[in-house]
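Structure first, commentary second.
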Amino acid sequence: MFPMMTGFMNYGQQTVRAARYIGQSFMITLSHANRLPVTIQYPYEKSITSERFRGRIHFEFDKCIACEVCVRVCPIDLPVVDWRLETDIRKKRLLNYSIDFGICIFCGNCVEYCPTNCLSMTEEYELSIYDRHELNYNQIALGRLPMSVIGDYTIRTIMNSTQIKITTDKPLDSITITND
């Protein structure tokens, strides 16, 4: 009879322990129930990028000196820099600059090592297209700013606050800027 009594006590202890574990897991489940969802409904909500996000590369043609540092530091030799040596001034003249974002690994080495800061990383991450050849951006496509920068509230208020008007009583070379 004594072994039977210890068997019931062990069964009772195991039942209490199992009920405690079930209760603890149920409390954890209830604590997660009142949290906000962390998923983002992508096409309708855009994710907020971090400050040092490495998105599409922005290129300023006028600043580039065709030194080809970006090509040398790129792990896959991706930027294509076409230039011509001007013999009269003995300097390189940039003809064409292009990057294929289908191959780019967005490491940021070209931006970091550029001596004239003509390259910068934007916050643009939506580069999906149907034809992979459209991911080859030339200097014109690389020079476009992303829509998030153009549609910025501060830029819109600056553009709306100053209007350029040409007055007829002054010479045509003078422009009057008024705040409305």
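The first residue you see is number 1, and the count goes up from there.
Even glycines carry a Cβ here, placed using N, Cα and C.
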**Request:** According to Swiss-Prot, C104, C107, C110 bind [4Fe-4S] cluster 2; so which of C67, C74 is the extra one listed there?
**Result:** C74
**Request:** Could you tell me which three-state DSSP class C70 ([4Fe-4S] cluster 1 binding site) falls into?
**Result:** helix
**Asked** When you measure from the Cβ of C74 ([4Fe-4S] cluster 2 binding site), which residues in the chain that are at least 6 apart have a Cβ under 8 Å away?
**Response** C107, N109, C110
**Request:** For C104 ([4Fe-4S] cluster 2 binding site), just count the other CB atoms lying within 10 A of its CB, please.
**Result:** 19
**Request:** Using Cβ-Cβ distances, find the residues under 8 Å from C114 ([4Fe-4S] cluster 1 binding site) that belong to the same chain and are at least 6 apart in sequence, listing them in sequence order.
**Result:** V69, C70
**Message:** Around the C-beta of C64 ([4Fe-4S] cluster 1 binding site), how many further C-beta atoms are within 10 angstroms, looking at every protein chain?
**Reply:** 20
